[in-house]
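Student: Pasting the feature list from TrEMBL:
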REPEAT    82-123  repeat 'WD'
REPEAT    124-166  repeat 'WD'
REPEAT    167-208  repeat 'WD'
REPEAT    209-250  repeat 'WD'
REPEAT    251-287  repeat 'WD'
Amino acid sequence: KWSVNILGIILEYVEGGELKTRSIDLLDLNPHTDVIALVEEIQKEEPLITASCKEHVICLVQRLQEKLGEQEDHKFYLFKVLRAHILPLTNVAFNKSGSRFITGSYDRTCKVWDTASGEELHTLEGHKNVVYAIAFNNPYGDKIATGSFDKTCKLWSTETGKCYHTFRGHTAEIVCLSFNLQSTLVATGSMDTTAKLWDIEKGEVVFTLRGHSAEIVALSFNTTGDRIITGSFDCTVGVWDVVTGRMLHILIGHRGEISSAQFNWDCSLIVTGSMDKTCMVRKLRMH
């Protein structure tokens, strides 16, 4: 099984009874690329793309190229100004298609908006303090998570605004959160120096990730969902096994607090940003 998107070709295959993924990036694709030559070059390096599916791959990459061409002439302009909240905003986020976006605020709410019309669809109420961290469960976009200074995370329906679960367990403010790409888990990072993994369906904590000595302000799942990284004010980044909750690596080197941390798409690299005015790109050893 395989698919093509703006980031590349994603291959899914079974090896030794295990489902594995491999990605081929298309970051150099532009409106002037020779698509046939590009696919032939990819074929030489990737045996999973066989001759029988070559024409279909070419067709999909050409469609992607057409979309890039449409975007080439786009100009940025002010689309709408929304008087969204009565107090300052903390964060904003789009769903994958861009048809909806959400806003979090010091007024203790999160609002769901229709992007095209600017209409407010829902006000997500229930937190007792600042709503600081917010996210859609992209690529699905049917759920929203909100993390608050009230030490809880809430899971909501995008369509109805209903609250499915309130996740309790942190002992200090929640300042970051992230869904895994499979939309089975949401992770929360807190000023209590821990991160927690929560089961979306059951509404229960799966693991509490302990190992940092200061606040966790950034976290990110990899695309396959088996690893998560946490960035902390202790100037380190933790790499964790999602299946066991065990810390696999502690990445040192920054001289200031970590402010952001991300995997690349094929999970081979980690980039971290720090208050020490530097960023670091590291190669991840999976074994």
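Heads up, the Cβ atoms here are built off N, Cα and C, so glycines get one too.
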Student: Which whole-number mean pLDDT does the model give the repeat 'WD' (167-208)?
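Tutor: Within the repeat 'WD' (167-208), the model's average pLDDT equals 98.
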Student: With DSSP helix as H/G/I and strand as E/B, how many residues of the repeat 'WD' (124-166) fall in helix, strand and coil?
Tutor: 0 helix, 22 strand, 21 coil
Student: What does DSSP give as the helix, strand and coil breakdown of the repeat 'WD' (167-208)?
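Tutor: DSSP classes over the repeat 'WD' (167-208) add up to 0 helix, 23 strand, 19 coil.
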Student: Quick one: DSSP breakdown of the repeat 'WD' (251-287) into helix, strand and coil?
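Tutor: So the counts come to 0 helix, 18 strand, 19 coil.
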